[in-house]
Amino acid sequence: MLRAAEGSVHEYRNAQLSPKGNAYMLYGGSEGLYATSANAQGSGVANGKSYIRFDSSLIFRRPADSVKNLNPADGNTGLVEAIIFEVADMDKIGGRVHDQRAFCCSADLSKEIGCPENEVIKRSSQEDPDWPQAHRVYFKGTDLEASFLFTDVNITRTGMYTLYFITCDSRLSGLVVSGKTVWKNPYGYLPGRMAPLMTFYGFLSLCYLILGLLWLLQYLRFWKDILQLQNCITLVIALGMVEMAMWYFEYVNFNRTGLRPMGITIWAVTLGAVKKTVSRLLILVVSMGYGVVRPTLGGLTSKVLLLGGTYFLAAESLDVVENVGTINDLSGKARLFLVLPVAILDAFFILWIFTSLSKTLEKLQARKQVAKLDLYRKFTNALAVAVVVAVVWIGYELYFKATDSYSEGWQNAWIISAFWSILTFLLLCVVCALWTPSQNSTRYAYSEDVGEDFEDEAAIALTAPNGGSKAAPDAEKAPVKERKPVNTDVFSLDDDVEEDKRE
């Protein structure tokens, strides 16, 4: 199998060429590459040079039975071609014979179009006659192995480049490839699609740091009035900060060394999946009114945890496929099967969130808790805007991918993944603004017996003609109810029915 476990080093471990049309082929990789800088010089990573390098370790091996009828003194007894082309020139490779795609020049095609027989059909690009390029390796006599000379292919034009190993010799059936190729951009080893993300993750890390510092100042200032919900928000901010920092340093290391250690990438992916899960659960429990209109989630706790666990597994699987060992700038088919479960779970989250918000708003309105009602209306409006923007962006993303089958828009593809990180951060900022720690934080907390009475008395005191210095006679005679301690553990399994009876 073609392996891509190290940075921009495309590694092949006994990868076998498979039949396709009248040729045997092996896909060698695809990356967006920028043209070599006009003032490229030096030997550093960011030296302005852009190339595809055939490493000296690249070796081709043919089966032993393929040389039975050959003599050691024979000259060239087998040809393998490494074809490199920019995606805009893909129609310059191969031709058609009897409405079928042919990559190799047959005797009939040789007479018809004048191509060299038993070689890959290749026509020069109108923009650059030196492209597409074909680099040849010959087997000698009865040798079972042939190797590439140390070769650098200089990139003179910015584009999405693809490499294929092709042989037109039927005697080389069963040919395998071992070794590696190295792909480099002018700024380093990051593939072209990933390069802007390094700067983006650095910027977003700074944004999370600023948000975290502002939140921490308020948290320390009013630490005596902190709610359980605000502790959850603190956790999400911390996870986001660490996740963005890990992605940034992982990309910096990737760009500098050309290697992408699997362990670091898995840690970054796992942190990201944890943050996505906790963020969604936070929005869900807030929508349910946890800590505001209900002290616990009651019997819903197990369902919420089950949904969160399922989402974590789905998000982790998708992110591992997308990032761990990924180099090529073309998306794999496996991703399509993993996107669907995540999309379904996200839709379920949205449905449950807005259903819960509707019930919470009804409760607050029935109890006439004006301050809490205003808070939740702002929260609902922010979520509604976020969902509408997300749906519009999903439509654009589908259009972008449907009209860009060969990744010709690779230079702008980074915006697709960056958008979701930006939307998540902005929604987190809204939640932080609504639930900022303050001396009035407990005003929005759940109160078992005197929750709304307190707000009503405060409203009367503010609107009374005499400044509210005198209380109503009935209020003076009313017995004072003793407040019962409230269980604020979000993971409590207490039945929600008891809470409804108290209300």
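The backbone N, Cα and C atoms fix where each Cβ goes, and this holds for glycine too.
TrEMBL lists 473-486 with the feature compositional bias 'Basic and acidic residues'.
Positions annotated as compositional bias 'Acidic residues' by TrEMBL: 492-503.
The annotation domain 'GOST seven transmembrane' is assigned in TrEMBL to 196-441.
Under the heading region 'Disordered', TrEMBL lists 463-503.
According to TrEMBL, the feature transmembrane segment maps to 200-220 (among others).
The transmembrane segment annotation in TrEMBL covers 232-249 (among others).
According to TrEMBL, the feature transmembrane segment maps to 264-285 (among others).
Positions annotated as transmembrane segment by TrEMBL: 297-314 (among others).
Sequence-distant contacts of the transmembrane segment (334-354) (same chain, six or more residues past either end, CB-CB distance under 8 Å): 280, 283-284, 287, 307, 310-311, 314-315, 317-318, 321-322, 380, 383, 387. TrEMBL lists 334-354 (among others) with the feature transmembrane segment.
According to TrEMBL, the transmembrane segment annotation covers 375-394 (among others).
Annotated transmembrane segment per TrEMBL: 414-435 (among others), in sequence order. Tertiary neighbourhood of the transmembrane segment (414-435): same-chain residues 193-197, 200, 204, 207-208, 211, 215, 227, 229-230, 233, 236-237, 240, 244, 276, 279, 282-283, 286, 375, 378-379, 382-383, 386, 389-390, 393, 397, 400, 441, 444, selected by CB-CB distance under 8 Å and a gap of 6+ residues from either end.
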Contact set, same chain, for the transmembrane segment (232-249): CB under 8 Å, 6 or more residues outside the stretch:
197-198, 201-202, 204-205, 208-209, 211-212, 215, 219, 264, 267-268, 271-272, 274-275, 278-279, 282, 285, 421, 424-425, 428, 431-432, 435, 490
